[in-house]
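*Asks:* Quick paste from TrEMBL:
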- 1-94: domain 'SSD' (DOMAIN)
- 39-61: transmembrane segment (TRANSMEM)
- 73-95: transmembrane segment (TRANSMEM)
- 159-181: transmembrane segment (TRANSMEM)
- 359-378: transmembrane segment (TRANSMEM)
- 385-405: transmembrane segment (TRANSMEM)
- 411-435: transmembrane segment (TRANSMEM)
- 456-474: transmembrane segment (TRANSMEM)
- 486-508: transmembrane segment (TRANSMEM)
Amino acid sequence: FLISGHGTKGVFELLSGWRRTRENLPFKDRVADAYSDVMVSYTMTSSLYFIAFGMGASPFTNIEAVKVFCQNMCVSILLNYFYIFSFFGSCLVFAGQLEQNRYHSIFCCKIPSAEYLDRKPVWMNDGHQHTSHHETNPYQHHFIQHFLREHYNEWITNIYVKPFVVILYLIYASFSFMGCLQINDGANIINLLASDSPSVSYALIQQKYFSNYSPVIGFYIYEPLDYWNGTVQEDLKTLSQGFNTVSWIEQYYQYLRVGNISATNKSDFISILQSSFLKKPEFQHFKNDIIFSKAGDENNIIASRLYLVARTSENTQREAVELLEKLRPLSLIQSIKFIVFNPTFVFMDHYGLSVTMPVLISGFGILLVLILTFFLVIHPLGNFWLILSVTSIELGVLGLMTLWNVDMDCISILCLIYTLNFAIDHCAPLLYTFVLATEHTRTQCIKNSLQEHGTAILQNVSSFLIGLVPLLFVPSNLTFTLFKCLLLAGSCTLLHCFVILPVFLTFFPPSKKHHKKKKRAKRKEREEIECIEIQENPDHVTAV
């Protein structure tokens with residue numbers, strides 16, 4: 001989904017740059033013009049993609065699925081970039097050679113010359129004027145461009161609209177901050193099931209009515225133990241303290257006490273266990289919990305298992321994760337070597353640190369982007385505004401998706417990583433055009449920035465959001481999570497580009513006064529030169 005968009009964007013931009021070149025130029029010059037017009041921005045976009053997903057593939061990521069996905073994305077981005085840079089560029093060279101020799105670039109058939117077309121009768125003409133070059137600004141007469149230039153720019157910069165935009169941003173920031181304080185991990189297994197799966201109903205009923213106990217935890221002892229030793233028995237009781245246990249050991253000790261049977265040495269313990277205890281019908285199901293090995297005439301217990309169940313409150317998932325975090329360190333420091341396991345632990349392992357990891361990746365990503373743009377971009381205030389905008393969008397997506405009941409699972413983390421690049425890709429052109437503008441006022445600068453980039457941003461985000469619509473019809477909770485997160489990413493970016501930034505940039509630096517002074521100085525100098533010329537030659541007064 002993402003790679004096809006990245007590759008299609010590169011092909012479209014390079015082809016668009018090629019069609020904007022003059023057709024009467026040599027094909028080498030046309031290719032050079034197309035590359036200089038397009039490849040700088042496409043290289044920056046590919047670099048940001050690579051940085052964003054490279055962080056997802058880094059050791060900062062504790063979810064293997066996210067790491068594998070980001071690794072594949074990085075490789076695919078490189079392949080896309082070098083495909084556009086080399087193979088597709090060579091196709092343009094071949095097409096340019098054909099066009100220069102007046103052959104059709106696809107069908108390779110001969111095309112009539114311009115003189116021949118001019119000699120054709122009027123009734124045979126197609127009604128279009130043949131020109132040697134294409135329009136350099138394809139958005140000049142676009143209806144969105146007209147709407148932004150004639151209506152929206154004046155409305156958003158109106159002094160009576162600005163207070164409402166400030167209030168809107170305060171509401172946005174408040175809800176985002178409130179959501180960030182309520183982030184939940186994605187340990188709920190329901191999120192990984194298809195929405196129409198019967199397992200969803202089972203999980204919901206189990207959580208609603210039978211969530212007073214944790215999942216059944218397998219307690220596996222994987223080394224020979226002296227089970228008849230009193231010290232070992234006390235250690236096992238200590239480990240299982242606080243749990244409801246289903247254990248052959250407890251049942252066997254109870255069986256020995258009730259029968260007043262003594263089994264204080266190895267031979268008696270194992271002999272009674274095999275010949276008497278496990279023969280009873282009520283204890284025969286314990287046979288699968290004990291692994292015996294025979295060395296000569298001696299039997300040994302080389303491994304065994306028992307089951308633990310902990311009593312929990314309503315927050316079963318959170319308590320189960322805490323229980324897992326307490327039991328595993330004990331397996332490393334206790335004299336008894338054991339492993340605890342339950343199938344749900346697989347998912348709990350994935351999401352145990354998922355709340356902190358996106359924050360680390362986002363912060364590290366913003367720092368990397370700041371370092372990258374410091375060497376490539378022209379004005380430090382442009383970097384500063386870009387970092388503020390990306391941070392605001394990232395925190396907004398993170399907070400609002402929490403309020404929309406989206407947990408921190410692998411999909412939401414991937415979307416947060418993608419939001420970083422998506423926000424930079426759309427905010428950077430608007431911000432840097434504003435920073436480098438030389439108009440007298442900030443208001444005029446932001447109007448020109450919106451007029452130059454507003455149409456492309458609106459078309460890009462709109463097509464992005466329309467492309468998300470099919471995700472609504474996939475019966476999967478993870479896919480619905482993807483739809484929610486990407487919808488928030490597109491909406492927050494659109495809000496910042498068209499509402500928040502156009503207003504806030506008219507309040508804060510960079511100032512445009514120095515540009516105004518420079519223009520006044522140039523105008524004054526020009527007026528003085530004109531006056532000197534008029535004084536030297538009075539005959540020119542009439543002409544002037």
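Each residue, glycine too, has its Cβ placed from N, Cα and C.
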*Asks:* Under an 8 Å Cβ to Cβ limit, what residues of the same chain, 6 or more beyond the ends of the transmembrane segment (411-435), are close to it?
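*Replies:* Apart from its flanks, the transmembrane segment (411-435) reaches 2, 44-45, 48-49, 51-53, 55-56, 61, 63, 66, 69-70, 186, 354, 357-358, 361-362, 365-366, 369, 373, 377-379, 381-382, 385-386, 389-390, 393-394, 397-398, 401, 442, 445-446, 448-450, 452-454, 456-457, 460-461, 478, 481-482, 485-486, 489-490, 492-493, 496-497, 501, 505, 510.
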*Asks:* Take the transmembrane segment (385-405) and find every residue of the same chain, 6 or more past its ends, with a Cβ under 8 Å from one of its Cβ atoms.
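*Replies:* Non-local partners: 172-173, 175-180, 182-184, 358, 362, 366, 369-370, 373, 412, 415-416, 419-420, 423-424, 427-428, 431, 435, 484-485, 488-489, 492-493, 496, 500-501, 505.
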*Asks:* Going along the chain, which residues at least six beyond the ends of the transmembrane segment (486-508) come within the CB cut-off of under 8 Å?
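*Replies:* Tertiary neighbours of the transmembrane segment (486-508) are 152, 156-157, 161-162, 165-166, 168-169, 172, 385, 389, 392-393, 396-397, 400-401, 404, 415, 418-419, 422-423, 426-427, 430-431, 434, 442-443, 445-446, 450, 454, 457-458, 461, 464-465, 468.
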*Asks:* Mind checking which residues reach the transmembrane segment (73-95)? Cβ under 8 Å, same chain, six or more beyond either end.
*Replies:* 2-3, 6-7, 10-11, 14-15, 18, 27-28, 30-31, 34-35, 39, 42-43, 46, 49-50, 53-54, 56-57, 105
*Asks:* Take the transmembrane segment (159-181) and find every residue of the same chain, 6 or more past its ends, with a Cβ under 8 Å from one of its Cβ atoms.
*Replies:* 392, 395-396, 398-403, 495, 499-500, 503-504, 506
*Asks:* Of the residues in the domain 'SSD' (1-94), how many are helix, strand and coil by DSSP?
*Replies:* 79 helix, 1 strand, 14 coil
